[in-house]
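Taken straight from TrEMBL:
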type     : residues  : note
TRANSMEM : B:15-35   : transmembrane segment
TRANSMEM : B:56-76   : transmembrane segment
TRANSMEM : B:96-113  : transmembrane segment
TRANSMEM : B:141-160 : transmembrane segment
TRANSMEM : B:189-212 : transmembrane segment
TRANSMEM : B:224-249 : transmembrane segment
TRANSMEM : B:255-278 : transmembrane segment
Amino acid sequence: MQRRSLMKAALTAATLTAFGATAAFAENPVLKIGFVGVTSGPAAAWGISNQRSMEARAAWINETGGYTIGDTTYDIEIVSFDDQKDPKRAIAGMEKMAQEGIHYVVGPNVDDGAAAVRPVAESNGIMYFPYAFPKELYQAPASNAVLGMVANYQSGPAIYKYLMENEGVKTVAFIAANESDPLSQRDGGVEAAEALGLEVVSASVTYQVDTTDFTPVLTPVMRAQPDLLVLSGVSPANAPQLIRSARELGFQGLISTETAQDAGVLAEGAGDLANGFISVGGASTPELASPMMNEFVQRYTDMFGEYNDESNTKVYALEYILETLKADPSAITDVDAFQATMDTFEAPNPYMNGDAKLRYVGMSSFGQRRQVAVPLVVNVYQDGAFETLFVAEVD
Amino acid sequence: MEQILANGVYLGSQYAMIALGLTLIFALMNVLNFAHGQMYVIGGFVTYTIYGQWGVPFVLALVMSCVTLAILGALIEKFLFAPVIKGSAREESTMLLAAGIAFFLDAVILLVFGEKQRGVPKIVDGVFNWDFRIIMPYDRILICMLAILSIVAFIGLMQYTKTGRALRALAQDRTAAQLMGVNVDRYSMIGFALGAMLAGLVGGLLVTITGVNLGMGGPTSIKAFMMVMIGGAGVISGAIWGGIILGFMEAIGLALLYQYGDITYLLIFVSLMIFLAIRPQGLMGKPWG
């Protein structure tokens, strides 16, 4: 009898707990936001920092009661798809998002994936935020892609100009992986450098994306002895090895890239040899990071065990989507309304100190507002951390 | 030219070590171990954790990498490959199993060690510079010497120990070896463990130079297969020559052809196709297997 009572009590408690959990989960309707990007293989770090940024922010929103758009408060659910850096998989991922009724997707991470998903996104009413630079994705008649970061053809000239004026740089060499993204970034960099009057002393050296030993690759570049070595489109996995090999070969000039990097990875892979390395970052340096940015970093770290500095630039896309939907709640299912709102949208940038704004830019580069206005923060690595070199804005 | 030769020796020695474990497993069991690159990556991550994170001396970390991979290899052989080989006469069964293990290990690596590139403190500081004719960091010279010593030790083990003789007998004729009293099951497991241990050893050595990341497994396996194909599948000396040849081809191509873009590997693949069309068994392999 006693055992039966105990079982009944346990069953009741379990039922109530399950009901309670369901009730708590169902308290708010769910707004699904998609992510299609690379989270496996050599470039996994790019997509995983995207996905984890979104998941950390969504968990934070849900924990604090949800996100209010119009009269409704939503819990945010991130639906992720690993495209394995394969355009065919990226299309399948975007089709999955369409089947789930998702209208807002972050990704893909690379040029060919972003180009491949365009027809699926446009025909299914999906706005997507790629981390890819080809201008035709954002210029009319393309309509549904929004560049989620600063492009190399925007950051490169700013960095080269700064280094010409402040460091007396006169000659530059480029090295890139033999892949579409880095090669197109190299070509854009060469064009920008020449337009600024820099002498390009080497731009033909490329390397296999799976290269692990860069000494033989860099030896011919070092013979040119440039003032500045640009690692075009370099992945965080390759950057420390390239820096280390260049320094060990005796290179004394400056080294820069237009991609985001991770200070911990540089510290482990290149140590003090990475001091002075210039890269593009977000608002994580102490003087720029707002209390909200600091809390985001802390929550991300608590959730995943370790922060990734690349997320400084990748925290923004979800915020832009949600803030724009808040500005026009009808856009939740109507991307035309979203696009109309983009032209006038403006909100405070919660991740940066000062009066920085969230707004859509891109008129100069694309002729329409199809780029998020993340700050162009150029960092320099020094003794295990990034320091802000300069901050600029993209129009 | 001196720099090209130095780069070639360095690349060749590390490539030869990568290929050795793969060809050993193929020789013993006729298994194309697609997970060899992932085993190399795990070896790198074990050394990274023990030496880079916990601060244990490098040599001990290297030993732990070898032990970890030897145990992992033995378990994989005993519980996965051995039953499949016994239960299926079709060679593609083991190929599919190996591919499955590679995907599984990739997922495990992502879960346990994360997505980031990892590196460890240099084991030796400084750069050897001979009048700018040869520039080579001392840690590369040390790793190159350790790799060569490991290869010599491995050859010694195979030539002069009872285990080595048993493994060679197994590789030459499995049935004959069994009839002569070799415990085939036991030595298959030891051989697989030894092959995996070599992957762990080279992963642990190279993490000090190249670092390690999740995505290195697949490309490493592909390079290892190329070396084995050049040298001749299942032949130990062939794997060593395959590694040295690939290392020198890479060093020469990167130094002389850089102005034409990244055509070094294109030419290597074309050369490999022509070579295999003429000599499909590789340099040291026998046409009959």
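Every residue, even glycine, has its Cβ placed from backbone N, Cα and C.
Predicted, not measured: the structure shown is a model, and the values here were computed from it.
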- prompt: Looking at the stretches B:15-35, B:56-76, B:141-160, B:189-212, B:255-278, which one shares the most CB pairs under 8 Å with the transmembrane segment (B:96-113)?
  reply: B:15-35
Contact between the transmembrane segment (B:224-249) and the transmembrane segment (B:255-278) (3 or more Cβ pairs under 8 Å, separation 6+): yes
- request: With a Cβ cut-off under 8 Å, give me the same-chain residues at least six positions beyond the ends of the transmembrane segment (B:255-278) that come close to it.
  value: 3-4, 7, 226, 229-230, 246, 249
Field: Contacting positions for the transmembrane segment (B:141-160) when only residues 6+ beyond its ends and CB under 8 Å are counted
entry: 9-10, 13-14, 16-17, 20, 123-124, 128, 167-168, 198, 201-202, 205-206, 208-209, 236, 240
Task: Sort out the residues at least 6 away from either end of the transmembrane segment (B:189-212), same chain, that have Cβ-Cβ distances under 8 Å to it, and list them.
output: 14, 17-18, 20-22, 24-25, 28-29, 33, 36-37, 39-48, 52, 58, 61-62, 65-74, 76-78, 81-82, 117-120, 122-123, 139-140, 143, 146-147, 150, 154, 163, 167, 170
